[in-house]
Each structure stands twice: as C-alpha cells, then as structure tokens.
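These come from TrEMBL:
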type     : residues : note
DOMAIN   : 37-296   : domain 'Heme-copper oxidase subunit III family profile'
TRANSMEM : 48-68    : transmembrane segment
TRANSMEM : 74-93    : transmembrane segment
TRANSMEM : 114-137  : transmembrane segment
TRANSMEM : 170-188  : transmembrane segment
TRANSMEM : 195-212  : transmembrane segment
TRANSMEM : 232-255  : transmembrane segment
TRANSMEM : 275-295  : transmembrane segment
Amino acid sequence: MTFFNNIFNKFDNKQREYHLNKQLLFNKKEQFKYLKTRHSYHLVDPSPWPLIASLGAFFLTTGMVSYMHNFMGGGRLLATGFVVILYVMFTWWRDIIREATYEEQHTFSVQRGLRLGMILFIVSEIMFFFAFFWAFFHSSLSPVFNVGGVWPPEAIETIGSSGIPLTNTFFLLSSGATVTWAHHAIIVRAKKQAILGLLFTVLLAILFTGLQGYEYYEAPFNITDGVFGSCFYMATGFHGFHVFVGTISLIVSLIRIIFNHFTATHHFGFESAAWYWHFVDVVWLFLFITVYWWGGIH
C-alpha cells in the first residue's frame, strides 16, 4: 500500500505542478498581451539616428554660415557636420536594409507608407528649390538700380550655356534613361542588365559632378558677386549636393542588387533612389533653361 500511495502522491504532485505552470503561463500571456501585433505595420525599435542626424544637420548649416562669414572654426564645424551626416546615412540605411531584407518587416502596407513618405519628401524638395527660383526671377525680372537696372548685372561675365552646362544636361538626361533601364531590368529579373544600367548611371553622375566642380573652378564670378552670384551658386550648389546624395543612393542600390537583396515585387530601396534621381534631372532642366540660358542672355 505504501508503494502505491507514493506513486499516487507523485502523480498528484505532477498534476498540481502542471496546472500551476499552466496558470503561470496564462498570467504571462495576459501580462504581455499588449505586445502582440495583429496588423501588417512595422513598429520600429528605438533608434538614436534621428537625434544624431538632427545634430549633424545643425552642425552642417551652422558651420556653412560661419565659414561664409569667415568666423573662426566655421570650416571645421562644417566638415564635422558633413561627416556626421554621412555616418548617419550609412548606419540608418544599414538598419533599414536589415529590417527589410533579413527581418522581413516591410510588408506591402509598410511599402505603401514608405512610398507616400518618399513622395512627400520630394514635394518638400520641390518647395526648397522653388525658393531659389523665386529669388532668381524676383531679381532678374525687375532688376534694381544697385545692379545697374539690367540683368545680368553689368559687371558679371556669365557662363555660356553651350559649353559645360549643355554637356552636363546630356549626361543627366542620359543617366535618367539608364536608371529607368535598370528599373525595368529588376522587374523582369534581368540582374546583369540591372547592374549594367546602374553602372552607367553612376558613371554619368560622377562625370556630371566632376564637370560641375571644374565649372566652379573656372567661373569668372563667385558667390560674393552680388545677387547674381548668390542665386547662381545657391541653386546650382544645392543641386550638386542632391546629385551627390543621389549618387550614393544609387551606389547602395547597386551593391544590394549584386547581393540579391531585391526581387521583382520588393525593391523599394532602388525605386526611391530612381524617383529621387528623376527629380534631380527635372530640377537641372529648369536650372539650365532659366539660370544658364535665359539668365545669361545680355
């Protein structure tokens, strides 16, 4: 009897332990029930990059203004902000790539939100350049007596539109065609064609940037030469910066294509870079027609 009693006691203890563990598990599930997600959206983890990016942008703009006014340390602050922005671009894109490619967090709902965000970002960039065109037309359509009452101002020797600007126009329009070629190649799963199209696009972008720098070096005026110099260098300079950012985006997309990160239906990382590049093309067309061609007519 003692033997059977021990068996029954052990079985009874096991039953109690099982029910106790089940109750504890139920309590834990109830306690952390709010962590469960029943939707297709991505709740991102806490990240330091928005704050660091804001500090980098602050350093960049403050250093730029300080450097232009010959304040001590302005150039170093400008370089620091630029390096911080590049670092954040690398780390933030790294996290997004990990979330999209390896964690599979970018569902179709998330991609739809990303597309809307990219569209709104491009609209904000249009407003950014609209301010420079507004300043240019405000000064050129009704030139004040300070600049001689004519446009371009009498003391300004303009840059001819048929030289480097026309060549750069050809380069950028060609790059728009090659990036579209790469996009369609991704859709039809032609990896080699996509890589080739993006290589041509990056090469044309580098040629454009090099010629733009050479044009600045040989320019007969600078940013301090009145309102013409200010409008010219602010508009073309910020466009050149956007070309630089777009080139980095395209290089990242090229690397991701090589590592098979994109599919025919899941390639928004490349798609956003292509949209941005087409925006850069359109802005340059307006710059070429208004600032170089129309604005340079005496």
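Quick reminder: no glycine exception, Cβ is built from N, Cα and C everywhere.
Unlike curated records, TrEMBL annotations are generated automatically.
Taken as a whole, the domain 'Heme-copper oxidase subunit III family profile' (37-296) shows an average pLDDT of 89 in this prediction. Away from its own ends, the transmembrane segment (74-93) comes close to residues 47, 49, 52-53, 55-68, 248, 252 of its chain (Cβ-Cβ under 8 Å, at least six residues beyond either end). For the transmembrane segment (114-137), the list of distant contacts is 106, 227, 230-231, 234-235, 238-239, 242, 268, 271-272, 275-276, 279, 283, 286, 290-291, 295: same-chain residues at least six beyond its ends, Cβ to Cβ under 8 Å. Counting residues 6+ beyond its ends, the transmembrane segment (170-188) has Cβ neighbours under 8 Å at 194-198, 200-201, 204-205, 207-208, 211, 250, 257, 262, 264, 267, 270-271, 273-274, 277-278, 280-281, 284-285 in the same chain.
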